[in-house]
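Noted in TrEMBL for the protein shown:
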- 257-396: domain 'GGDEF' (DOMAIN)
- 6-25: transmembrane segment (TRANSMEM)
- 45-63: transmembrane segment (TRANSMEM)
- 75-95: transmembrane segment (TRANSMEM)
- 107-128: transmembrane segment (TRANSMEM)
- 148-170: transmembrane segment (TRANSMEM)
- 182-202: transmembrane segment (TRANSMEM)
- 208-226: transmembrane segment (TRANSMEM)
Amino acid sequence: MLDFKYVFSYVAVEFFFMVFSVSILDKLTHDIGSQSEIKFFKRLVYAYLLYLFSDIIWILIQFKVFSPPHMVKNFVMILNIMFVAVTSYFWFCFAEIKLKNRFITSLRFNLIVFAPMLLLLVLYLVSIKTGILFSISENAGFETGPCYWVSVVIISMYPIFVALHAFYRIRKEKSAINKKEYATLILFVFFPLICAVINNFISSTPVVAPAIFSSIFFVFITLQELKIYNDALTGLNNRRRAEQYIIESINSVVPERPFYFFILDINSFKYINDTFGHAEGDRALRLVADILKRVCMNYQSFTARWGGDEFIVIVYRSNLHDTKDLTPEDFIKDIYENWETAVKAENIKYKFSASIGYTKCASSDTTMTQLITEADKMLYKNKQLAHKKEPNGGAR
């Protein structure tokens, strides 16, 4: 009777984690991350679901709810551990994209990173005969082999690498929002580590499932929180925050301290998406965001992604004048110079350019609509000139 209660409780706990995980999958939309981030986060959750399913099968075998052939027991255990490893691997992929690892798109880098997974699978298959990593007794008991530590190292190295990388990025990062996001990525090491300690004292408890789910859940919650005022793809302020800032700036503006409102629009962005794919489109948007962050850091300005391929910048005239008495045209020139440098550094093969329009606000009687309309007029003229110069966009 005790075994039945235990098995029922174990299965019920993991079943509820499956339900919660499916709920998270249902709420994963592309406004909380880039296409690549969402893709790997979904794969991470799918791998976790498969782990839960295999773990439920294993506990039913272990407590003799049904008794398959010994070879089937071995394969169920291998699947159980491999799904944990795959979950760890997909976590690495998701987190490294979040941490802006420039090697994550490299085929060579991905082959090197995936190689330990293949090694682990081979070692577990070999263990069926040799017991080098594990063995299953006739009573369905799991016994570790002399090289089981290899499995632990391979599964652990992915989240540990992410944690170390996240610590490094936190020290370098200036944005409080990005620091919070990077700190959340460390949780994938923290929760499993605690549960591993618990498992050493209380064996045969479903600690892996809540450990992994806790990490998934906290990252998901953080993504949802950041979505309120932060554009998930670029890390900039989003439109909601931008509209608030514009209204606040208009209400407090005085003639002695006006501000400039800039709109930047990528030329022929649809062409980039249609020709090179949405992943390249996401890369282009992130590159523009990085350029604006780099430039605007010198002017204490507000930057946001307005929507689609449009970005806005608000710079107070006093901040321009504090920097070598610059004009709005000098500010735009600074953006284009940094644009040139970034395009060369990223080795972009296609024509990649942008058009910019701006207007000045010196009166609190100005409305947000008027401000946007005036900047849009200049933007439209500049886009027309860019399209005349190049069929698929302006000069770089």
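Cβ coordinates come from backbone N, Cα and C, glycine included.
Automated prediction, rather than curation, is the source of TrEMBL annotations.
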Which sequence-distant residues neighbour the transmembrane segment (107-128)? Criterion: at least 6 residues beyond either end, Cβ under 8 Å.
71, 74, 78, 81-82, 85-86, 89, 92-93, 134-135, 145, 147, 150-151, 154-155, 157
Restricting to the domain 'GGDEF' (257-396), report the mean pLDDT as a whole number.
87
Residue counts in helix (H, G, I), strand (E, B) and coil for the domain 'GGDEF' (257-396), per DSSP?
73 helix, 30 strand, 37 coil
Can you work out which residues elsewhere in the same chain, 6+ from the ends of the transmembrane segment (6-25), have a Cβ less than 8 Å from its Cβ atoms?
42, 45-46, 48-49, 52-53, 55-56, 59-60, 63, 65, 206, 209-210, 213, 216-217, 220
